[in-house]
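Taken from TrEMBL, the feature transmembrane segment covers 20-37, 103-122, 128-145, 194-212, 224-241, 271-288, 308-326, 364-383.
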């Protein structure tokens with residue numbers, strides 16, 4: 001009789017625990033979906049900020065292992081001019097195929113990125129600190145913060161689930177020595193390179209700090225084969241990026257990195273996150289007061305190492321986001337009015353392979369948000385009352401943000417008529433006149449042309465990316481050289497953008513465009 005009662009009580013406890021876990025997951029999913037709700041209701045929407053929505057939809061339309069694409073014709077490896085988003089392209093392909101609109105790729109990537117990144121962080125903090133509700137609060141505070149939503153249109157900085165899972169697997173191997181985690185983690189981190197390279201540096205930072213604070217150094221010999229596997233996976237991508245750099249003799253200068261780093265004042269201006277800051281402050285106070293006293297003696301050492309790890313990651317991310325020199329109000333701080341204050345990013349720029357390829361140090365704030373999320377989950381790990389949980393969640397939600405402004409990417413039936421006409425033509429390449437490069441209205445126009453090219457599938461002399469070949473800049477300055485492409489390409493002249501006209505056969509004309517051809 002006692003055994004039956006014991007089993008019944010144990011079953012109720014287990015059932016209750018499972019119900020709580022399900023409730024935690026539902027709560028987190030509801031918050032994350034709410035934050036990107038416009039895309040949930042219409043997957044062809046992108047954030048109405050800049051031009052990257054169309055650009056990234058175009059990038060994701062180029063799947064497979066090739067790095068060639070249909071812009072900047074006849075240049076090769078043009079996907080290596082920017083982040084490649086190969087994994088996102090593969091993941092979003094079924095939705096594009098079913099819905100028949102390449103514009104849904106960005107919406108799908110954004111929704112999945114928010115959900116999967118949130119779930120990965122939730123599981124990470126729950127396993128590390130043992131409280132599912134504090135994990136939900138930590139994830140909510142970060143994923144609804146301005147740090148996160150600064151990149152709502154930069155999808156290469158949005159879907160972080162791949163490197164997070166890879167890092168967690170490798171980090172777990174440090175502790176439990178399950179070799180399959182090491183190999184799977186190496187594969188996922190290698191695949192991250194096909195998505196976006198910068199998070200590889202995030203992962204490297206997290207894992208090095210994690211390893212430093214482990215009580216035992218892992219057997220480094222076991223890292224050899226996983227590193228070889230990682231190297232094999234990333235080699236084609238590295239070769240493509242290196243090839244572009246060698247082809248044009250190009251690398252980003254350290255001044256560009258300085259321009260795109262944060263000023264100290266931006267922490268409470270551009271990147272101000274009330275919910276994240278308040279919850280982090282409360283968590284830190286609680287950590288200093290009683291975080292370790294509530295734990296058994298045998299767990300205190302491990303918890304201390306975990307907290308030191310997160311604090312160091314937080315500090316590294318913050319310092320790196322400031323770039324090569326200290327800035328205030330977007331101006332370099334100089335000692336005695338002459339000497340800039342150098343920061344560690346400057347040394348990394350010259351010493352870390354590939355570091356000089358990145359132009360936006362401020363993106364390291366993502367690492368700050370990651371660590372802050374974990375510290376919140378740790379500091380609030382001993383809250384259990386419903387009122388406290390609800391209050392903390394409300395602080396994270398009200399003190400956070402969400403998708404506010406969107407624009408719909410058109411399907412085939414809504415694109416300009418000239419591109420529908422081009423879709424039915426047998427022509428190798430097209431140049432659209434006038435040609436634009438970086439800056440102002442031209443960026444909007446060129447990214448739109450790239451998006452429309454997904455429908456007509458013709459090679460474009462035009463293009464827009466993180467890097468633009470020098471000949472395109474020369475071409476943009478000389479209308480006559482643009483019309484000279486008539487010998488090899490159809491010339492699409494936008495009459496509402498220029499009064500210039502070409503020579504050759506007029507094969508198409510409407511109110512806004514005229515197409516010349518040698519055919």
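Glycine is treated like the rest: Cβ placed from N, Cα and C.
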Sort out the residues at least 6 away from either end of the transmembrane segment (224-241), same chain, that have Cβ-Cβ distances under 8 Å to it, and list them.
65, 67, 77, 79-80, 84, 182-183, 185-187, 189-191, 193-194, 197, 200, 354, 357
Look over the recorded stretches 103-122, 128-145, 271-288, 308-326 and say which has the most C-beta pairs under 8 A to the transmembrane segment (364-383).
128-145
Can the transmembrane segment (308-326) be said to touch the transmembrane segment (128-145) if we require at least 3 CB pairs below 8 Å and skip pairs under 6 apart in sequence?
no
Short question: which residues 6 or more past the ends of the transmembrane segment (194-212) have a Cβ under 8 Å from it?
83-88, 156-157, 159-160, 162-163, 166-167, 170-171, 174, 218, 233-234, 237, 241, 309, 312-313, 316-317, 352, 354-355, 357-358, 363-364, 366-367, 370
